[in-house]
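What Swiss-Prot says about this protein:
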DISULFID  Cys2-Cys19  disulfide bond
DISULFID  Cys5-Cys26  disulfide bond
DISULFID  Cys16-Cys31  disulfide bond
DISULFID  Cys20-Cys33  disulfide bond
MOD_RES   Arg35  arginine amide
Amino acid sequence: MCMPCFTTDPNMAKKCRDCCGGNGKCFGPQCLCNR
């Protein structure tokens, strides 16, 4: 898990990807990085 994901933030998917170094996505309330 990289960071929490908030459905109210329209940029959350991008922030999650950036937090994961370009490869990650929101899954429920968590930002999960793809290894």
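Heads up, the Cβ atoms here are built off N, Cα and C, so glycines get one too.
Distance noted between the C-alpha atoms of Cys31 (disulfide bond) and Cys5 (disulfide bond) is 6 Å. Using CA atoms as reference points, the recorded positions Cys2, Cys5, Cys26, Arg35 were checked against Cys20 (disulfide bond), and the closest is Cys2. Look at Cys2 (disulfide bond): DSSP puts it in coil. On a Cα basis, Cys2 (disulfide bond) lies 7 Å away from Cys33 (disulfide bond). A 10 Å radius around the C-alpha of Cys16 (disulfide bond) takes in these recorded positions out of Cys2, Cys5, Cys26, Arg35, in sequence order: Cys2, Cys5, Cys26. Here the Cβ of the residue listed as 'arginine amide' has 6 other Cβ atoms within 10 Å, regardless of which shown protein chain they belong to. DSSP assigns Cys31 (disulfide bond) to a strand. The Cα of Arg35 (arginine amide) lies closest to that of Cys2, out of the disulfide-bonded residues Cys2, Cys5, Cys26. For Cys2 (disulfide bond), the count of additional Cβ atoms within 10 Å of its Cβ stands at 18 [all protein chains shown]. Cβ neighbour count for Cys19 (disulfide bond) (all protein chains, 10 Å cutoff from its Cβ): 15. Cα of Cys5 (disulfide bond) to Cα of Cys19 (disulfide bond): a distance of 11 Å. Put simply, Cys26 (disulfide bond) is 11 Å from Cys19 (disulfide bond) when counted between their Cα atoms.
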